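These features come from TrEMBL:
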- A:R22, A:E87, A:R126, A:K461: (6S)-5-formyl-5,6,7,8-tetrahydrofolate binding site (BINDING)
- A:N233, A:T252, A:I254, A:T257: K(+) binding site (BINDING)
- A:233-238, A:252-258, A:277-280: GTP binding site (BINDING)
- A:S237, A:T258: Mg(2+) binding site (BINDING)
- A:223-382: domain 'TrmE-type G' (DOMAIN)
Amino acid sequence: MEFDTIAAISTPMGEGAIAIVRLSGDQAFEIADRLFRGVGGKRLKDVASHTIHYGHIMDPKTGQIAEEVMVSAMKGPKTFTKEDVIEINCHGGLVSVNRVLQLLLNNGARLAEPGEFTKRAFLNGRIDLSQAEAVMDLIRAKTDRAMNMALGQMEGRLSKLIQKLRQEILEILAHVEVNIDYPEYDDVEEMTHHMLMEKASYVKKEIEKLLQTSQQGKILREGLSTVIVGRPNVGKSSLLNSLVHENKAIVTDIPGTTRDVIEEYVNVRGVPLRLVDTAGIRETEDIVERIGVEKSRQVLKEADLILLVLNYSDELTSEDENIFKAVEGMDVIVIVNKTDLDQKIDMSRVRELSKHHKLVTTSLLEDQGVDDLEEAIASLFFAGSIEAGDMTYVSNTRHIALLNQAQNAIDEAMQGVEMGTPIDIVQIDLTRTWELLGEIIGDSVHESLIDQLFSQFCLGK
Amino acid sequence: MTYEAGSYDVIVVGAGHAGVEAGLASARLGAKTLMITINLDMVAFMPCNPSVGGPAKGIVVREIDALGGEMGKNIDKTHIQMRMLNTGKGPAVRALRAQADKFTYQHEMKKTLENEPNLTLIQGMVERLIVEDGECRGVVTQTGAVYHSKAVVITTGTFLRGEIILGELKYSSGPNNQQPSIKLSEHLQELGFDLVRFKTGTPPRVNSHSIDYSKTEIQPGDDVPRAFSYETTKYITDQLPCWLTYTNEETHTLIDNNLHRSPMYSGMIKGTGPRYCPSIEDKVVRFNDKPRHQIFLEPEGRNTQEVYVQGLSTSLPEDVQQKILRTIPGLENVQMMRAGYAIEYDSIVPTQLWPTLETKKVKNLYTAGQINGTSGYEEAAGQGLMAGMNAGLKSLDKEEVILSRSDAYIGVLIDDLVTKGTNEPYRLLTSRAEYRLLLRHDNADLRLTELGRKVGLISEERYEKFLLKKQAIEEEKARLQGIIIKPSSDVQEMIKSQGGSELKDGIRASDLLKRPEMTYEHIQQVVPAESTLDEDVTEQVEIQIKYEGYIEKSLQQVERLKKMENKKIPENIDYDDINGLASEARQKLKEVRPLSLAQASRISGVNPADISILLVYLEQGRIARVSAE
Ligand SMILES: Cc1cc2nc3c(=O)[nH]c(=O)nc-3n(C[C@H](O)[C@H](O)[C@H](O)COP(=O)(O)OP(=O)(O)OC[C@H]3O[C@@H](n4cnc5c(N)ncnc54)[C@H](O)[C@@H]3O)c2cc1C
Ligand SMILES: Nc1nc2c(ncn2[C@@H]2O[C@H](COP(=O)(O)OP(=O)(O)OP(=O)(O)O)[C@@H](O)[C@H]2O)c(=O)[nH]1
Ligand SMILES: [Mg+2]
């Protein structure tokens, strides 16, 4: 077969907790067998096609069981891509599919590009000619979305760290290159194995740190950034407590209780959230509260999901309307709370304001409507507006996979140094490290090494 | 007035380093070839440093030789010194460099051209091309001679609208005060070619008698005989040394104080110069914290007192150059014979070329050398060889040749030029090659002799020798892979003497060789071959075994890319017809018109999604064709 083996979380992930990792290509069975421990030592390559098997996914490095899974084994050509396909069904929600995906990527699979399964289906003749146009559109659309997400990440801390590390590697590379291309240039000492080892260990440590910080990435480590906003006293802190199932935030009947931003991590039906409770937004004279309000507005801008709380037993105010304006264009769930009290709110106006949002009503005091809310959160994430969350998540997977590869490359460089391999050959692995890091931030231009060479050293005739 | 002057298969315009290779390749593979050059006394002239080879460039010379070119043989006959560089490093970056006797280099090359049966060498200034129906069919010279041909190769170097700049002085000229080529440049523009203005420069030459060498360090050649060509059997043994000295604070102050007289800073020079050949004034300004810069004194030949002052390229006024020289240890009383200068010239934007070096605008017209935006003799010669080869092949209705990036540095060079273009004079560097472990100095023949043979540039005799060598390598590798070395006391002794750790058990000879401290010689001591093998055979055996793992890794990378290389893009593809392409990618693709998906993927601004879309589009076309049949 013509292509390498690719893996990805297959979307849309069903609601509820089961998610699927799909693997396609001529090594699909082989790779899956490296991880899969079936009942009675069963190997997937031996099972009948189009059958399902219960077992566990194990990390071959540590020998530890990672997940309990159901695996569908399907031999080509009767599959979506016409290639051999393995589908791994995981129970533990996003965290666990991600772990399985990472293991596959570390064991020979490559992360699928946007639209790649469909592309293969087409190239292998599974999809007919008239749909080629649609395939191209799909690739375009998915890629643009992924690009936007990647660009979003570019501005982040991670990308700054990567850029810094790359620059440091580039200087080492330039140093080695100048020794090669200008052997008589005496202004720079000859790079020795000892020096290179020191530098490589530093690079390795930095990559490890990066891996730790982005291990499971923004979403999985920190959760989908979800901000609760609303006027004072509408029940924001109560909402936080009820999603967390614990009394984390102080709840009083005094408006303006929450002065600062409070964060909590919570898993809502498999969707990891970093829940942020804010100071109620209102004009205020109180300095401490005002700082809190300012922060709330700040946090708002960076949110992935907004939970906008209104008070059922109070009239809509201009402050409420302002909050609606502030969250325009974002993913928002509007929560009308305190339905146990008498209605004063104008619901038709609320509906109008919530045209583009999901709307739920709750009584947090009586524990009513919380289910609806959780449902709304999960469905927003998994189905309809899957992109935001899913893509961040996927590009995370991508960069973790790349970081892992970069780590392997630097390991190989260090082994080379230990073996006394000539430095210009060790350089191959070092360059690879640099390129992999570049792929994370979408920048692998070879020319920059040459730029570096001539800006760092004074060369010429 | 014009007159009919003859007709040929191929005409090569120019007899610089590109031109001579082009002419010889074309003639040798059977095309009746004419070479026209402005001045017959300046064939294969070196306007700058009298040296050939060095990192990357030296490997190009070996590649040229493996493909039946002349540069390697010619420098083997005419050098004054030869050195292997980077011997302390890995095999991939070793490279030969020779100091040339630049005058005998020219004479030898001219002799070779004159004696080539299928080649006619004449003096003349080409002013126009004959272009009909989008095809080039010949050239017209200044004197009205009309020559017809099936293909034309232009290799006019730095002559196109050349202008020399020396201090406040600027005048129209080719390098070294030769006649510039003005009409041809205008004509190329009329034909619709995009031209850019580049710049380069050269240092002053001084009289050897006036140098106090006692204040400099000697730089001798290697004491082992060396050669570029696989066919060379006679080695030059009496070598001349070069000498090393340095600039100092005084030099730099002097330059600083005269910067206002530098055409670089007064704005007189507009062309883009190469970063890797900065002038001394550039170096002093950009790296002003450096207390000194290296200066190498290189003899220009055996029968001349002229010495090339490497490191002092400059376009400062003559009087300032004189003073600068005299601040340098050893040069206190030096007599400057020629001043350094800068030269500006036109070159064509190389993305206008196919990877065969044929222009996209005009069929059967090829360009090679500095006209394509490169700099350097070896870069010129490599392109000249390929352009001449392809023009010759095409004129004989044979299939043209494209070297890939994993075949040769020449492949890297040409692919970079036609795929990415260049915004400064392009020089090869080892870091431009992603497979440099495969593109070694030592294996150029293994990589390219087959091809050279196929196109008809390698003699039967040489090919036979090559096959024997190849066989010897394979046999010796197999032998070492087959023998187990037992931990006898002799063996342990030998290993210990090299600082290695003793064997615990028997080990394959090839595995022992993989240890860093072991060489082929050591293995040979304990398990001698039946007959002694040539050094170039044992060298291959050692390298191929020792670096097997890394070589294998590179080969796998190449293999992966092959699939994309093999996906050809038809010449008549209409990129406007493909909806999903990003607009930048579409525009770049239309400009470069890549021949394969792999080439497309190397264009900056074309990203993986565009490649996927292109692939789907191509497949759609293919499927549609198949089902129509
Ligand atoms: C001042 C100077 C400094 C340089 N410095 C360096 C350096 O430091 N390092 C380096 O690597 N390279 C340097 N070079 C470049 C190097 O010399 C060239 O890259 C190399 O010589 C180019 O080879 P070529 O065959 O393309 O052109 P050239 O060697 O220039 O040959 C051009 C040939 O074309 C002929 N010609 C031109 N126009 C016509 C016409 N209309 N009709 C007929 N014949 C024509 C000429 O007579 C000549 O034979 C320098 C060049 C110059 C001039
Ligand atoms: N009746 C009723 N009271 C509620 C409900 N939810 C919250 N409350 C009460 O409303 C008051 C304010 O609740 P909080 O959760 O502190 O409100 P908040 O929005 O965080 O207020 P600030 O932090 O002051 O901005 C408390 O007394 C809660 O007990 C509800 O559904 N019904
Ligand atoms: Mg609160």
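From the backbone N, Cα and C atoms, a Cβ is placed for every residue, glycine too.
Bear in mind that TrEMBL entries carry predicted annotations, made automatically and left uncurated.
Projection of TrEMBL feature records onto the structure.
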residue	record	DSSP class
A:R22	(6S)-5-formyl-5,6,7,8-tetrahydrofolate binding site	strand
A:E87	(6S)-5-formyl-5,6,7,8-tetrahydrofolate binding site	strand
A:R126	(6S)-5-formyl-5,6,7,8-tetrahydrofolate binding site	coil
A:N233	K(+) binding site	coil
A:T252	K(+) binding site	coil
A:A279	GTP binding site	coil
For A:I254 (K(+) binding site) and A:E87 ((6S)-5-formyl-5,6,7,8-tetrahydrofolate binding site), the CA-to-CA distance in whole Å is 53
Within 10 Å, the Cβ with the most other Cβ atoms among the binding-site residues A:I254, A:A279 is that of A:A279
A:R126 ((6S)-5-formyl-5,6,7,8-tetrahydrofolate binding site) sits from A:N233 (K(+) binding site) (Cα to Cα, rounded, in Å) at a distance of 58
Sequence-ordered list of residues in the chain of A:R22 ((6S)-5-formyl-5,6,7,8-tetrahydrofolate binding site) that lie 6 or more positions away and have a Cβ within less than 8 Å of its Cβ, or none, is A:A7, A:A8, A:I9, A:S10, A:V85, A:I86, A:E87, A:I88, A:F117
Model confidence over the domain 'TrmE-type G' (A:223-382), as mean pLDDT, sits at 82
Of A:R126, A:K236, A:S237, A:A279, the binding-site residues lying within 10 angstroms (C-alpha) of A:T252 (K(+) binding site) are A:S237
Of A:R22, A:E87, A:R126, A:K236, A:S237, the binding-site residues whose C-beta sits under 6 angstroms from any atom of ligand 2 are A:K236, A:S237
Between the C-alpha atoms of A:K236 (GTP binding site) and A:R126 ((6S)-5-formyl-5,6,7,8-tetrahydrofolate binding site), the distance in angstrom, to the nearest integer, is 51
Checking the binding-site residues A:N233, A:T252 for other Cβ atoms within 10 Å of each Cβ, the smallest tally belongs to A:T252
As a whole number of Å, the Cα atom of A:R126 ((6S)-5-formyl-5,6,7,8-tetrahydrofolate binding site) is distant from the Cα atom of A:A279 (GTP binding site) by 55
Of A:R22, A:S237, A:I254, the binding-site residues whose C-beta sits under 6 angstroms from any atom of ligand 3 are A:S237
Judged by other C-beta atoms within 10 Å of its C-beta, the most isolated of the binding-site residues A:R126, A:K236 is A:R126
Neighbour count check, CB within 10 A, over binding-site residues A:E87, A:S237; minimum at A:E87
